[in-house]
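According to TrEMBL, the protein carries these features:
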- B:6-193: domain 'Survival protein SurE-like phosphatase/nucleotidase' (DOMAIN)
- B:ASP11, B:ASP12, B:SER42, B:ASN99: divalent metal cation binding site (BINDING)
There are 2 protein chains.
Amino acid sequence: MSKPLILVSNDDGITSKGIRVLVEVMKELGDVVVVAPDSPQSGMGHAITIGNTLRLSEEEIFTDVVAYKSSGTPVDCVKLAKHYVLKDRQPDLVVSGINHGSNTSISVLYSGTMSAAIEGAIEGIPSIGFSLCDYSSKADFSHVKEYVRQISRQVLENGIPKGVALNVNFPPKRNEAIKGIKICRQARAKWQEDFEERYDPNGRKYFWMAGNFVNFDKGEDNDEWAIANNYVSVVPCQFDMTAHHAISQINNDWNWEDLKANL
Amino acid sequence: MSKPLILVSNDDGITSKGIRVLVEVMKELGDVVVVAPDSPQSGMGHAITIGNTLRLSEEEIFTDVVAYKSSGTPVDCVKLAKHYVLKDRQPDLVVSGINHGSNTSISVLYSGTMSAAIEGAIEGIPSIGFSLCDYSSKADFSHVKEYVRQISRQVLENGIPKGVALNVNFPPKRNEAIKGIKICRQARAKWQEDFEERYDPNGRKYFWMAGNFVNFDKGEDNDEWAIANNYVSVVPCQFDMTAHHAISQINNDWNWEDLKANL
């Protein structure tokens with residue numbers, strides 16, 4: 001049997017620690033090609049480069065792995081991989097990360113790591129974004145390797161439902177071992193921003209944005225609960241953003257007679 | 001009764017034609033505050049500014065309307081409006097656009113216009129993104145004004161379901177009048193990229209990305225069908241990206257015995 005082809009990307013940039021760990025694990029599972037941003041792209045969400053040029057160059061960064069760095073966003077990298085670098089061979093798996101920091105709950109929308117995985121799903125490729133819920137500069141990735149390997153194996157062997165990408169978050173390394181894996185829903189939470197005003201040397205005002213995470217969710221079936229309780233969270237994410245339940249509600253709520261009378 | 005407070009943003013930038021039309025209509029419906037990017041931000045998706053500073057300054061651009069331009073993304077603009085400019089008064093409505101170009105189907109993920117509206121929904125504010133499906137430089141916005149007014153009125157009067165933002169797309173101006181409004185689902189489609197290779201004056205390679213829209217959807221209940229048939233499409237969009245149907249499927253598909261044995 002031929003080895004599966006695995007595309008690796010991320011949003012922390014091609015020289016980050018997390019992508020090195022991910023490449024190391026993926027080399028055991030298949031042929032690996034890396035296309036990743038040349039600089040950190042955290043918080044880029046599903047941004048793509050419109051009206052500007054893109055750079056892409058092959059780099060010897062990982063041992064025995066073909067790797068390209070790009071000036072683009074994480075989603076640009078997946079597009080460049082799918083439609084240029086790997087034009088003649090469809091990847092069997094897209095993995096993104098391992099992100100240095102949490103991508104649970106609403107962060108899935110802001111996350112370049114997850115947007116790369118979702119772009120893979122749009123292309124019909126089983127895709128996974130991995131994130132470690134530890135922001136410390138010395139974050140330890142050693143306790144998650146076996147989970148990355150086993151989850152990726154399950155996806156290679158069993159696939160994932162069509163149109164779905166997995167958002168996998170790992171708890172930080174704690175004194176006790178990880179308790180297991182929970183397939184979850186996205187927790188109901190948001191980022192509540194503070195803007196700190198400062199003045200530059202020319203006396204002109206600028207701002208730093210600081211986000212505080214607020215969790216409104218009291219359930220035990222969501223990713224925030226899983227991480228807080230030392231489980232790996234796996235949220236299946238879809239790119240169909242339609243609120244299907246709201247279609248009939250809006251049709252019922254709107255005053256169509258009044259609306260039509262004014263058009 | 002006091003007038004509603006309406007926050008206006010966009011992704012084409014504060015000097016674009018579409019936002020001028022939107023502000024003009026909103027002034028009839030309430031008190032308007034504009035916070036919009038100082039330059040075009042198309043394709044920025046749900047990107048936010050992390051690890052860098054933000055500028056924000058008040059500008060006299062619109063008659064009798066308080067307006068701020070920002071160096072940030074559309075989502076940054078909504079965050080700056082909600083947590084800084086309008087700290088003491090929650091907007092009753094967030095409107096974004098009118099985008100110069102289509103945001104139907106999968107484009108909702110890449111669109112800064114829609115991401116601004118979705119950020120409004122995350123903040124619990126009824127929110128609408130408006131887009132005109134016409135890329136020509138002389139795009140005519142005159143036929144959509146009354147629709148913008150009436151849809152916004154319906155939302156101000158009847159609200160929209162919690163956690164939902166509306167993705168409203170208008171057909172281009174045609175010889176026949178718009179036929180009406182359809183509440184739709186997001187069409188199943190994707191952008192298929194071509195990358196054109198060029199060389200800069202120093203002989204170094206760069207790329208231009210060109211997207212070709214591919215519609216796989218044969219239904220008549222989706223936004224692509226509505227626009228093609230000269231209807232206004234309204235898709236309720238949610239920020240819960242969980243593929244709820246996939247949770248039980250993954251729990252059934254994975255070989256948990258094998259997985260646990262290896263951990």
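Every residue, even glycine, has its Cβ placed from backbone N, Cα and C.
What TrEMBL says about a protein is an automatic prediction, not a curated fact.
These figures come from a predicted structure and were not determined experimentally.
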For chain A, which of the binding-site residues B:ASP11, B:ASP12, B:SER42, B:ASN99 fall under 8 Å by Cβ?
B:SER42
Around the C-beta of B:SER42 (divalent metal cation binding site), how many further C-beta atoms are within 10 angstroms, looking at every protein chain?
22
Starting from the divalent metal cation site formed by B:ASP11, B:ASP12, B:SER42, B:ASN99, give every other residue of that chain whose CB sits within 8 Å of the mean position of their CB atoms, in sequence order.
B:ASN10, B:GLY13, B:SER16, B:GLY18, B:PRO40, B:GLN41, B:PRO74, B:GLY97, B:HIS100, B:GLY101, B:SER111, B:GLY112, B:THR113
Including all protein chains shown, what's the count of other C-beta atoms within 10 A of the C-beta of B:ASN99 (divalent metal cation binding site)?
28
Across the domain 'Survival protein SurE-like phosphatase/nucleotidase' (B:6-193), what is the average pLDDT of the model, as a whole number?
96
